[in-house]
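Step one of this worksheet: look at the structure below.
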Amino acid sequence: MTEIVADKTVEVVKNAIETADGALDLYNKYLDQVIPWQTFDETIKELSRFKQEYSQAASVLVGNIKTLLMDSQDKYFEATQTVYEWCGVATQLLAAYILLFDEYNEKKASAQKDILIKVLDDGITKLNEAQKSLLVSSQSFNNASGKLLALDSQLTNDFSEKSSYFQSQVDKIRKEAYAGAAAGVVAGPFGLIISYSIAAGVVEGKLIPELKNKLKSVQSFFTTLSNTVKQANKDIDAAKLKLTTEIAAIGEIKTETETTRFYVDYDDLMLSLLKEAANKMINTCNEYQKRHGKKTLFEVPEV
């Protein structure tokens, strides 16, 4: 009977640690890397580079899009930081949990139970906070997607050859070309006419086609960005769904852990299984913290 109770305790405790570890591992390997933020950083720089290539109306939309993308990134990394905080607490608690197996007694068993429930409880709290941040991040992406649709319509109007914006760009090119021709006029009575003729050929044959190609590349850039933002929004929604499942699983195992008797006679194999599960989660936490550029304070204890 005692052995059956011990087996049940080991199963519950091991499952509790592995469930928490699984949620963290999911965040570490999937949720936290689902958006290519380096690409988005480069994109935000490109938004500024193109600022001379669209009308004032389009410029306002671009400013809105840039703000929304930056807001989304802030909230996404806020979620990441929340999970980082859970790791900081969990590594300390699990290291203490492992050390309590030394000269095991009922008091230490009770402390282990408190520790494990604390790890699970903090996990639920922090992952729920991360979930809320991801929701806001997703909303910003969704709003940016709407602005990009409006921008595409605006750019289509701006870049139409009959639009006032397009004509203003052509007039600017012609003015600069003819001013240059006048400044470098060839000597003689027909010099200005010749220079203007050359300028006209350059404007109509080269500069205006170049303008069309440049404007086309600008619109293509924003079309690509629109597709990327839509995909990012879908990815975050999928991430939130996965995280919801993990939070529910932790909640279920926490309830079972609270009603489980911890002070039982463990054999060597049982102890090994529990220590291995705790060490694995500590390693997952360390991996997460190191990947986020901060020094890990707690390593797996020698036991």
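Cβ atoms here come from the backbone N, Cα and C positions, even for glycine.
So that you can see what the record holds, here are the features copied from Swiss-Prot:
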| type | residues | note |
| --- | --- | --- |
| DISULFID | Cys87-Cys285 | disulfide bond |
| TRANSMEM | 183-203 | transmembrane segment |
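Within 10 Å of the C-beta atom of Cys87 (disulfide bond) sit 27 other C-beta atoms, taking all shown protein chains into account. Neighbours of Cys285 (disulfide bond), defined as other CB atoms within 10 A of its CB across all chains, total 26.
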